[in-house]
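A.B. asks: The structure is given below, and queries will be raised subsequently.
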Amino acid sequence: MAELTISSDEIRSAIENYTASYSPEASREEVGLVTDTSDGIAHVSGLPSAMANELLEFPGGILGVALNLDATEIGAVILGDYENIQEGQEVKRTGDVLSVPVGDAFLGRVINPLGQPIDGLGEIESNETRALELQAASVLERQPVEEPLQTGIKAIDAMTPIGRGQRQLVIGDRKTGKTAVCIDAILNQKANWETGDEKQQVRCIYVAIGQKGSTIAGVKAALEEQGAMEYTTIVAAPASDSAGFKWLAPYTGSAIGQHWMYQGKHVLVVFDDLTKQAEAYRAISLLLRRPPGREAYPGDVFYLHSRLLERSAKLSDALGGGSLTALPIIETKANDVSAYIPTNVISITDGQVFLESDLFNKGVRPAINVGISVSRVGGAAQTKGMKKVSGSLRLELAQFRELEAFSAFASDLDAASKAQLERGARLVELLKQDQYSPIPVEDQIVSIYLAGEGVFDSVPVGDVRRFEAELLDELHRTASGVYESIKGGKALDADNAKALVEATDKFKETFIASDGSRVVNEAEAEALDAGEVGHEQINVKRTTVSK
C-alpha cells in the first residue's frame, strides 16, 4: 500500500495561485429611491455624487436626466413612459451624459429625441455618438457667412437671402405657411444632392416639436414624394410625447447636424417650432419648482435657445469649411412679435422672415411681409446674378405697400403713383409661388430681371403667373445659351440681357391674356393684326401701355 504524502509547499502554492487569479464578480453602484413623481418629473433621494445632466436609469430601462441638484434630492426629467414610475422604486446612476448616435445611417429615417428609430424600418447601425450638450464653435473656429443657401423661394432668395451657416428665423401666426417655407427650402436642395459633390450637397434635418402625428406624417409623405427623404432626417417629438422629449428634440437634431458639419459637410436644420420647446421647458421648470419669471418662463429660457442656435456656424477652412444653417420657427399670437419668446429669438438670429396672416388670407403666398423681414447677412449670401437684379426689388415693394395703404383714402392719384401701384401689383403676383414648388435660381434671376425691365407692365395682373410660366418654358427653348451662362447664379451680361428681352418680345406677340387682349402696345397690336393674312379674323381688345 502506497504511502500518502502531503507537501505543505504544494498546498501553499495552490492557494496562492487561486487567490492571485481570483477576481470578485461585484460592482459598486450608487442607488437612490424615488420620493415622488408626477407629470414626467421624479424626485430622487440618495445619489449624492450625481452630475448635472447625468443620465439616470429607472426600473424597466427608462432613462431620466438629472436637472435639479438639491442638498438632499435630485429633480429628474423622465424620458419615456413615466406612468409606471412609482414612489420607492430604485434609481441608478449611469455615469454618462445624454448623447445620441450619429452618422449617415440616419439619412432617410424618422427617429425620436433619443436617436431611436420610430419608422418601422429596423434598427440604425451607428458606431459614433455625440453628446447633446457641447460647446459651440468659437469665434476663431468660424468664418464669415458668404456662401448662399438657395431656398427656391423668390421672395426670400431675392430680398432676405440665407447663407450657409446663418440662423434665419421664420416667424408668424399659426396657419400662415411657416412649415411650407422651410419644407420648400429642403426640397430645393435636391439638385445639389444629385451632383454627388459634398461641397454642394446639403444634408437636411427636420425637427418636429409638439406637432400632431398626422402633420409629421404629412411632411414625411411630401418629402418622400419629391425624393427628398434621401438626404433628410426627421427628429419627431409629437404632441403626445412627454415634455422632456419636446425639450430635447432640437438638441438631438443639432447634434446630428454638428457631426456632419465637423466632417466638412453642409447641413440645414429646421426647428418646427421653438415656441413649443419653450413651453415644454416652462412646464418642466415649474414642476421642478424653479422660480418663474416673465410669462411664467424660467430665468434661463433665453439660454435655452441661444446655446442651441449658436451651434449654427460656417467653420473655418482649417476645420473643413463645413456649415450648419438653422431655420428656427416661432409662432406668434395676433402678429405680436414683441412677446417674450419672439423677441428673444429675434435677438439671437441673423434675421427673420415674417409671415403675415392678412397677406396669407389675401392669397399672397408665401405671405412674406417685406417691411419687417430682414437678413443681417444680406447681399454677402447672394449670388452675383441675384444681387445684380434684385437690388431695387425690396424698395419697390415697400413703397408699393405704403402707397397702397395711402391710395385707399385718396380720391385721385397722379400718373406716377398709378404707374407705381400697377408695377407693384404685378411684382406681388410675380413673387407668389405654389407650395412645394421651389424655383431654380436661374429662373428667379430671369423673372426678376424682366420685371425690372417692365416686361410684365402690359400683362393683366391676373395673367402674370401664367405669363411667367409660359415665358420661362419658351426661354428654356429659345434662349438656352443665356441659361447656360448664368448657371449657378452668375451675373447677366449686356449681350445676354439683350437676348432675353428680344426673346421675350417675340413671345409677347403670341401671348393672349385671359380677357382676350394682347400684351403688346397699341401700335404693335395693329401691326400684328395687319400681318394676320389667311387667318380667321379675331376681334382683339388692345391694351394701351404708356412706356
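Cβ from N, Cα, C; glycine included.
Annotations per Swiss-Prot:
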BINDING   Gly172, Asp173, Arg174, Lys175, Thr176, Gly177, Lys178, Thr179  ATP binding site
SITE      Ser373  site 'Required for activity'
A.B. asks: List only the single closest residue to Ser373 (site 'Required for activity'), chosen from the binding-site residues Gly172, Arg174, Lys175, Thr176, Thr179 by CA-CA distance.
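C.D. replies: Comparing Cα positions, the closest of these binding-site residues turns out to be Gly172.
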A.B. asks: Starting from the Cβ centroid of Gly172, Asp173, Arg174, Lys175, Thr176, Gly177, Lys178, Thr179, the recorded ATP site, name every other residue in that chain with its Cβ within 8 Å, sequence order please.
C.D. replies: Glu331, Leu355, Ser357, Phe360
A.B. asks: Return the residues near Thr179 (ATP binding site), defined as same-chain residues 6+ apart in sequence whose C-beta is under 8 angstroms from its C-beta, sorted by sequence, else 'none'.
C.D. replies: Thr215, Val219, Asp272, Ile329
A.B. asks: So which of the recorded positions is most packed in, judged by how many other Cβ atoms lie within 10 Å of its Cβ, out of Thr176, Ser373?
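C.D. replies: Of the recorded positions Thr176, Ser373, the highest Cβ count within 10 Å belongs to Thr176.
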A.B. asks: What number of additional C-beta atoms lies within 10 angstroms of the C-beta atom of Lys175 (ATP binding site)?
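C.D. replies: So the Cβ neighbour count for Lys175 (ATP binding site) comes to 12.
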A.B. asks: Out of Gly172, Gly177, which has the highest number of nearby Cβ atoms, where nearby means within 10 Å of its Cβ, if these are the binding-site residues?
C.D. replies: Gly172
A.B. asks: Lys178 (ATP binding site) has how many other Cβ neighbours within 10 Å of its own Cβ?
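C.D. replies: Around Lys178 (ATP binding site), other Cβ atoms within 10 Å: 25.
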